[in-house]
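Pulled from TrEMBL, these are the features on record:
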type	residues	note
DOMAIN	4-218	domain 'SMP-30/Gluconolactonase/LRE-like region'
BINDING	Arg67, Asn69	substrate binding site
BINDING	Asn112, Asp160	divalent metal cation binding site
ACT_SITE	Asp160	active site, proton donor/acceptor
Amino acid sequence: MIDGAVLRLDPVHDAAPSIVRIGPWAAALRPRAGGGWVIAVKDGFVLADADLRLEREIRAFDDSRLRMNDGACATDGSFLCGTAGPGAVGYLFRLDPSGAVSVLADGISISNGLVADPLSEAMFYVDTATRRIDRLRLVGGVLAEREPFADLSTSEGLPDGIAADADGGVWVAMWGAGEVIRIGPDGRQDARIELPTPHVSACAFGGAQLEDLYITTSQQDLPRRDASAGALFRAQPGVRGVPTLPFEG
């Protein structure tokens with residue numbers, strides 16, 4: 001993220017990983033339906049081709065206190081991404097396939113995990129400072145409803161990136177706790193994957209049948225050198241993920 005680089009990894013075909021630097025900041029990336037990528041950068045979005053060559057820049061805000069963080073596509077073909085900043089001064093943005101940018105929500109502190117609920121048209125969403133997962137419902141490109149789905153205030157660590165499985169569960173990277181936990185469709189924790197380093201930042205399903213859960217970690221703010229910090233891990237949680245929704249623009 002802070003290096004502005006995108007790591008490309010294809011373990012299914014055993015291809016060597018590659019790194020492409022797209023600029024000073026690369027927060028989130030999703031595929032475009034017609035080929036290429038949509039990428040959240042520090043103050044907005046860029047559209048890129050399949051080789052990550054930039055085609056279009058779309059600025060979303062002009063506030064040096066904020067930076068884009070995590071993002072994902074919704075079932076309507078839009079791309080959602082929120083900001084992180086000093087307190088509840090940020091936003092959750094929606095990039096329409098037309099290229100128009102709108103604000104879905106304000107008062108955001110550290111916008112993190114976003115993923116579509118495979119059992120409905122809703123989105124699961126994490127604003128880390130709230131220590132919960134919310135369910136968002138969009139109607140006509142507008143946030144019509146935001147309701148709590150899972151309270152994580154008594155869990156160790158802070159909720160960060162998330163991924164959804166085909167059974168309706170949400171896997172949550174818990175920053176500071178060295179674990180990824182699963183929240184079932186009933187909003188309760190029912191599984192846990194332990195990592196050898198505390199700062200677990202995100203997770204995503206991959207593999208030929210989406211049977212693998214890839215887990216990212218960070219070296220940020222660790223008081224001593226941790227050989228596992230910053231590594232990418234792979235786990236097999238016993239459930240499968242769902243295909244990533246594309247951006248229709």
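Cβ atoms here come from the backbone N, Cα and C positions, even for glycine.
Whatever TrEMBL says is automated annotation, not expert-curated.
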Those binding-site residues listed as Asn69, Asn112, and which of them has the most Cβ atoms within 10 Å of its own Cβ: Asn112
DSSP state at Asn69 (substrate binding site), helix/strand/coil: strand
Neighbour tally for Arg67 (substrate binding site), based on other Cβ positions within 10 Å of its Cβ: 19
Cβ atoms near Asp160 (divalent metal cation binding site) (within 10 Å, other residues, all chains): 26
Coarse DSSP state, helix versus strand versus coil, of Asp160 (divalent metal cation binding site): strand
Rounded Cα separation (Å) that holds between Asn69 (substrate binding site) and Asp160 (divalent metal cation binding site): 10
